[in-house]
Amino acid sequence: MASILLRSCRGRGPARLPPPRSAAPRGPAGDLACLSGASAVGLMSYVPLPLGSCAPVRPVYLSLRADPLGCWTLRPKRACAVLAGPRLLPVRCWHSSRPLGDDSVVEKSLRSLKDKNKKLEEGGPVYSPPAQAAVRKPLGQRVLDELRHYYHGFRLLWIDTKIAARMLWRILHGHSLTRRERRQFLRICADLFRLVPFLFFVVVPFMEFLLPVAVKLFPNMLPSTFETQSSKEERLKKELRVKLELAKFLQDTIEEMALKNKAAKGSATKDFSVFFQKIRETGERPSNEEIMRFSKLFEDELTLDNLTRPQLVALCKLLELQSIGTNNFLRFQLTMRLRSIKADDKLIAEEGVDSLNVKELQAACRARGMRALGVTEDRLRGQLKQWLELHLHQEIPTSLLILSRAMYLPETLSPADQLKSTLQTLPEIVAKEAQVKVAEVEGEQVDNKAKLEATLQEEAAIQQEHREKELQRKSQAAVAQAAKEVEPEVVAEGAPGRPVAELQPEEPAVTLPSEVLKDSAPVLEGLKEEEITQEEIDVLSNACSKLKEQKKSLTKEKEELELLKGDVQDYSQDLQEIKKELSKTGEEMYVEESKASKRLTKRVQQMIGQMDSLLAQLEADQKAGRLGPAAEAAPAGETVISVSELINAMKQIKHIPESKLLSLASALDDNKDGKVDIDDLVKVIELVDKEDVHISTSQVAEIVATLEKEEKVEEKEKAKEKAEKEAAEVQN
């Protein structure tokens with residue numbers, strides 16, 4: 001089961017775009033995508049076209065005091081050769097840790113408890129009271145409900161087992177999983193441990209025992225092999241890598257498992273069902289508190305993964321992103337833009353809206369889909385402050401806020417009414433998953449029927465993605481085959497029976513000078529050179545692996561192990577804070593951690609101790625010279641390499657044009673000091689490799705800037721939390 005971690009979530013189908021055209025004819029009225037009952041957004045007619053390039057769009061300034069982020073445009077199509085020759089396989093990304101800002105179920109439960117206690121202290125309502133008291137059901141009805149619960153539970157167990165077995169079989173045979181598939185697999189594992197608690201004693205103890213056997217039987221399941229002088233070093237590094245990824249996956253599974261609240265009566269799930277019924281069916285307006293409360297459940301990843309294509313196109317047009325391409329490409333550029341906006345919001349809140357000048361205010365409002373031209377400075381500051389209030393204080397997801405702007409609702413509507421209209425446009429699958437999420441956050445018993453429906457809908461979406469990729473692959477193969485067949489036919493059309501030397505070239509038609517039209521636009525020769533294909537991402541991964549091996553660097557493993565220890569510590573601290581918050585209302589005795597979660601936590605702690613021993617053994621052997629020559633680099637800069645070293649390593653693996661290598665190296669060297677950190681480079685590769693898109697070197701620079709911005713925000717938040725804890729300890 002944990003072998004999922006031994007393969008990257010990489011997509012192989014490149015996202016291509018149609019060639020640039022003149023003004024496309026607008027479609028009929030049916031081509032308008034109506035996002036609400038009262039407003040519509042006019043979209044271009046979507047027609048399947050051969051995939052190529054698109055016209056560039058103007059950049060949008062997101063960072064307030066940094067370089068502008070350019071547009072996300074794809075480059076012309078180019079033939080990709082198969083990478084062959086080197087024995088060193090690519091270093092694939094693992095994607096087992098949670099993305100920045102992706103909170104676990106326990107963290108969401110803690111935040112929900114803090115909000116409730118804060119509202120109780122302020123005297124406000126925690127949630128809308130029920131219209132009437134619950135009536136105790138008859139005994140026969142309760143028995144039937146219990147039987148239905150177990151019936152759907154067994155169905156869910158059977159379907160989860162089938163899906164998990166199919167995904168595991170694909171991984172063992174060298175196939176990769178998409179981001180959606182991996183998220184589905186993680187949820188299924190958490191469900192299996194929840195439905196069958198004793199499964200821990202059957203599966204987990206044999207994971208570490210069987211993984212070395214699986215590595216021997218299925219070598220393709222490993223993301224990379226190590227080209228070393230010592231087989232012992234290779235074995236130890238593989239063992240360390242396997243244990244590290246397995247422990248990270250188990251920790252993610254622990255954080256996905258919800259707490260048990262014995263005092264919960266299912267009120268939160270019922271409240272959500274009533275709320276969604278009001279906005280979808282009855283037309284009754286829910287309270288502002290209900291809208292704000294349940295809007296938090298529709299997270300960015302959940303919303304973007306389930307939006308329809310017209311909605312994705314509308315969001316891209318609103319944010320001035322490329323609106324033509326595959327759904328994966330549209331989601332990727334929207335995800336990157338939302339991540340950049342999140343980091344910018346926190347930086348703006350720290351600096352203060354009043355510290356921004358007019359140009360910065362216009363850039364910030366424009367990047368968030370709000371009016372930026374033709375409005376007063378006070379209006380700009382007001383709408384930006386409202387955005388920060390909703391996003392940072394009310395914790396409304398960014399995707400919902402931008403989607404509400406894409407609907408062009410009247411500006412006189414309140415934020416609650418805008419969110420209500422936005423929620424009405426979301427697909428049904430989003431509501432199903434949100435219903436399951438609210439039960440997990442509140443610690444209530446998860447409805448097996450709702451969980452089953454959400455799992456089946458997610459599986460249907462995964463199968464649809466597979467069909468689209470297969471159709472795209474067949475279409476590209478057919479186009480390539482047709483191009484090969486056309487070339488000999490054109491040559492053979494010369495004049496049959498006559499030698500080629502006798503063929504006289506046709507005289508060109510005489511054209512009057514007044515009729516000659518000259519194109520004064522510059523020819524974009526370097527456009528094709530800037531594209532980074534999936535093959536070149538593999539070459540870059542190879543270069544990183546080779547350079548790290550030359551330096552005998554274990555910094556990445558050390559960093560990931562420290563992050564894992566931090567996740568385990570944060571999880572235990574969250575549990576303690578939950579008990580502290582519950583003690584204010586006298587309910588701490590009713591909420592507890594599940595047995596499977598406790599057992600998995602003990603196993604993860606044991607594996608952390610084993611990995612510490614492995615790291616110590618590897619470092620001792622390297623210093624003693626038993627694993628080859630010791631590294632000469634200083635520990636402080638062992639992962640920092642020069643740009644020339646990176647270029648030379650890529651040249652040794654695969655021939656790439658010099659101009660592209662220089663452009664790529666310049667994009668990775670953000671501070672232009674001629675040095676690149678290998679670990680930072682690996683992070684960029686992991687982010688790009690798991691998406692099914694092609695990017696340019698300029699977009700690589702934007703990704704580097706976004707990651708650095710997020711790291712800066714994360715460091716500030718950690719420093720702030722540390723200062724608050726120290727202040728609390730001093731007061732106590």
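Note that Cβ sites are derived from N, Cα and C of the backbone, with glycine treated the same way.
Counted within 10 Å of its Cβ, the other Cβ atoms near Asp680 (Ca(2+) binding site) come to 17, all protein chains included. In the three-state DSSP reading, Asp680 (Ca(2+) binding site) counts as helix. If you look up Swiss-Prot, you'll see Asp669, Asn671, Asp673, Lys675, Asp680 marked as Ca(2+) binding site.
Feature annotation from Swiss-Prot assigns domain 'Letm1 RBD' to 238-529; the stated evidence is sequence analysis.
As annotated by Swiss-Prot, phosphothreonine applies to Thr178. Secondary structure at Thr178 (phosphothreonine), taken from DSSP and collapsed to helix, strand or coil, is coil.
According to Swiss-Prot, the feature region 'Disordered' maps to 711-732. DSSP states for the region 'Disordered' (711-732), grouped as helix (H, G, I), strand (E, B) and coil, give 21 helix, 0 strand, 1 coil.
Marked as topological domain 'Mitochondrial intermembrane' by Swiss-Prot on the basis of similarity to another entry: 94-194.
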Other CB atoms, at most 10 A from the CB of Asp669 (Ca(2+) binding site): 18
Non-site residues, in chain order, whose CB comes within 8 A of the mean position of the CB atoms of Asp669, Asn671, Asp673, Lys675, Asp680 at Ca(2+): Val643, Leu668, Asp670, Lys672, Gly674, Val676, Asp677
Sparsest-packed of the listed recorded positions (Thr178, Asn671) - C-beta count within 10 angstroms: Asn671
Binding-site residues listed as Asp673, Lys675, least Cβ neighbours within 10 Å: Asp673
Cα distance (Å, whole number) from Thr178 (phosphothreonine) to Asp669 (Ca(2+) binding site): 29
Tertiary contacts of the region 'Disordered' (711-732) (same chain, 6+ residues out, Cβ under 8 Å): 100, 343, 346-347, 350
Thr178 (phosphothreonine) versus Asp673 (Ca(2+) binding site) - Cα distance in angstrom: 36
Inter-residue C-alpha distance, Thr178 (phosphothreonine) and Asp680 (Ca(2+) binding site) (nearest angstrom): 23
